[in-house]
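Below is one structure; the comments refer to it alone.
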């Protein structure tokens with residue numbers, strides 16, 4: 001390059017004007033902050049988004065949107081999720097499917113309620129009634145939805161943004177009442193007293209999906225001794241040895257049951273202790289003469305914990321201990337040992353479980369079996385109530401544990417206290433611990449339709465397949481679903497309670513009436529109207545007898561009803577949906593709640609396929625958090641940060657490219673270094689497209705038809721490779737393996753095009769006469785590449801694809817890339833027989849280029865055209881491929897010297913003595929020599945110059961003919 005410019009300077013004349021140089025308005029820089037919104041405007045103006053998919057003539061494809069929560073700014077999790085969905089929808093649109101994507105939002109629940117309350121002054125909060133709160137919550141949610149909606153649109157996401165589904169809309173709330181009603185009438189919903197996860201900080205019951213388990217939770221665990229007052233009859237029969245029998249009976253004041261618990265505050269609620277009938281237990285005495293009952297397998301651990309030696313007196317099966325009596329540790333009452341289940345193990349503790357039926361599900365089940373009192377000793381705020389007797393008023397998450405432990409210690413019942421690290425449920429919204437608390441709640445009886453749900457899971461395709469095992473095990477093991485919440489911001493449970501008595505009014509008439517009211521007026525009428533207006537006409541005369549319930553439904557019941565409120569209701573969608581796509585945490589959330597409601601109502605799953613993705617982490621694999629300062633903001637990725645040198649504006653397409661680049665089935669990293677790498681890939685693809693566009697500026701395929709058989713071998717291979725790449729990309733999209741698309745795209749643009757085909761094409765494009773076949777044939781191929789490249793990248797790089805399409809220099813039938821259908825090629829383009837020879841020739845080209853580069857590094861030459869190459873083959877495959885090229889190749893294009901971009905190439909039997917370098921490898925001997933002749937000042941090839949150019953420049957015969965000299 002330098003030598004050419006120097007030569008032209010010396011002569012004072014340049015042939016630049018005679019070359020066919022690149023010409024296009026498609027800029028090297030994306031300028032995405034300005035250009036991408038312009039493209040959105042073009043789509044909107046020409047109805048190239050949602051309406052395009054809706055008017056297709058193919059089959060319906062429904063990707064049902066799992067509703068994000070209408071609170072807070074968009075984050076990388078939103079980006080990963082929504083871009084994945086959009087890639088699929090755009091691909092299906094190009095395939096001709098009817099695609100109508102309805103975005104949705106989850107609008108009810110505590111986080112919005114708390115945001116509203118936090119925005120008010122204390123006196124405003126005190127004066128705010130439920131209806132006022134709902135009005136403010138509605139306004140808040142709509143503002144959040146609008147902010148998120150604009151963000152999604154900026155990412156290039158297509159959807160029915162004018163008609164999204166919102167769980168606060170009247171038609172949605174009405175449909176949800178319909179789902180609840182059908183489940184109730186099918187016998188799957190009931191009201192009962194049961195321990196539920198209770199959040200004292202939120203003052204409401206929580207579902208399993210509303211819990212999180214921080215890694216660093218420590219509980220105050222205690223070992224407690226309970227004084228045995230009476231041995232069971234079975235144990236007495238076991239005591240054949242008279243001395244031992246007498247010893248135990250005479251030592252009842254020193255005979256204890258050893259229990260272990262991590263919730264000391266539940267001790268006042270103790271109604272029994274439970275054992276596993278299959279575990280062996282021992283009565284063992286310590287050095288002080290005290291005798292303790294605990295599991296045999298835990299002797300060593302208990303000795304170490306309590307720092308005591310124990311002597312085993314009696315070994316008994318757990319089943320023999322039933323009925324043994326002990327004195328309650330804090331109350332003046334006596335309780336018994338009962339038979340528990342497999343939840344009692346010897347992994348930790350003593351193998352004997354303190355049982356408070358009002359504060360644990362296993363405890364509750366045992367209590368039901370033995371008809372024990374189901375006593376709740378805690379109020380909704382987490383304070384111990386009158387049933388805790390002397391501890392009444394203490395808070396279970398504050399002072400109750402310490403004072404109860406102190407009382408046990410004072411009464412010589414405390415054996416040990418220590419901190420214990422374990423998984424403990426927290427309220428996912430307030431980030432504070434929860435408790436188990438027995439209250440009257442509404443439940444969905446999963447047991448009633450569990451087998452149907454498990455069968456439905458089998459009928460669904462789960463991607464990845466591990467998702468099936470995950471949700472299957474969850475449904476197998478899950479208890480009844482607590483669906484009632486003690487909050488105002490939600491859809492009310494449509495039930496009326498008898499004021500005087502325990503009657504409950506809910507039936508077909510009341511459900512249908514409430515459903516129709518909500519359809520017309522919305523759920524606010526439940527708080528606005530009195531019972532007389534809410535009840536069906538049949539019951540209005542007795543409205544004084546009833547009062548409406550104030551519980552609302554679990555938000556997972558809200559979103560879990562979306563199949564009924566959206567997919568069943570909208571004609572353009574279908575139920576079951578083709579695809580649900582969300583994060584892997586939704587196996588216990590939306591996937592499961594949707595499955596349970598759909599199966600309970602219609603005995604079928606709401607989806608045909610479920611696809612899951614992982615979470616977005618920082619570059620070091622850590623969870624993003626403000627405290628760590630590692631949060632990556634998608635808005636900053638697109639528009640840049642305050643310091644654009646540190647946080648440049650990459651645009652939405654780089655964000656979308658990131659989504660396509662990762663294995664989203666697992667957690668995925670994102671950060672500044674990754675973004676730089678992605679930006680480089682984006683730039684390479686863009687520059688490849690620019691080169692293609694810039695070299696077809698004077699070409700129109702409609703005016704010049706070229707027969708495939710006329711094309712040079714290189715061009716035939718390139719079209720074959722285009723077909724192969726398109727097929728590979730299609731398979732990647734079909735299988736939702738977008739990272740394969742990313743890899744294929746990189747390889748195609750860099751390896752196949754930039755480093756090979758387009759590198760070789762420079763001489764054809766720049767130097768040839770404008771209409772010369774060697775140039776036109778290349779332009780034909782490039783036009784096919786650029787059009788189809790735009791289409792196959794458009795699901796991911798939608799803005800770049802449209803930008804490419806708008807800069808195609810000739811007329812196209814389609815005004816947008818998205819009006820073009822997915823590529824279909826003439827059969828004649830696919831010619832895999834070319835691959836073996838071309839592959840060999842490319843391999844040889846790489847080795848020769850290495851040798852030339854070695855000479856350049858040692859400053860023996862400047863450009864490759866300053867060399868010629870001698871090749872002595874020692875590999876028949878490569879020799880045959882060169883012969884094939886020589887025999888069948890086009891003499892103006894398929895000369896191997898042109899593929900190498902050297903001035904001459906020779907296959908020799910003997911090497912020259914005078915050379916720059918010799919490389920010897922398994923392909924043969926490669927010799928690099930200085931090119932003979934003089935350099936043509938137009939094409940830079942070294943040849944025997946016979947023509948004197950303008951102002952004493954030198955021209956080869958080819959160039960002289962082209963410019964008519």
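Glycine too: its Cβ is placed from the backbone N, Cα and C atoms.
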Motif ''HIGH' region' according to Swiss-Prot, located in which of 57-67, 68-78, 79-89: 68-78
Swiss-Prot annotation (motif ''KMSKS' region') - matching range among 623-627, 628-632, 633-637, 638-642: 623-627
DSSP-derived helix, strand and coil totals, residue by residue, for the motif ''HIGH' region' (68-78): 3 helix, 1 strand, 7 coil
Those binding-site residues listed as 939, 959, and which of them has the most Cβ atoms within 10 Å of its own Cβ: 959
Helix, strand or coil at residue 959 (Zn(2+) binding site) [DSSP, three-state]: helix
Binding-site residues compared (582, 626, 936) - the one with the fewest other Cβ atoms within 10 Å: 626
Assigned conformation of residue 626 (ATP binding site) - DSSP reduced to three states: coil
Sorted by sequence, non-936, 939, 956, 959 residues with Cβ within 8 Å of centre, Zn(2+): 767, 937, 938, 940, 941, 943, 955, 957, 958, 960
Residue 936 (Zn(2+) binding site): secondary structure state under DSSP, collapsed to three categories: coil
Surrounding CB atoms that lie within 10 Å of the CB of residue 956 (Zn(2+) binding site), all protein chains: 25
Confidence summary for the motif ''KMSKS' region' (623-627), mean pLDDT rounded: 87
Rounded Cα-Cα span from residue 582 (L-isoleucyl-5'-AMP binding site) to residue 626 (ATP binding site), Å: 24
Inter-residue Cα distance where the pair is residue 582 (L-isoleucyl-5'-AMP binding site) and residue 936 (Zn(2+) binding site), in Å: 62
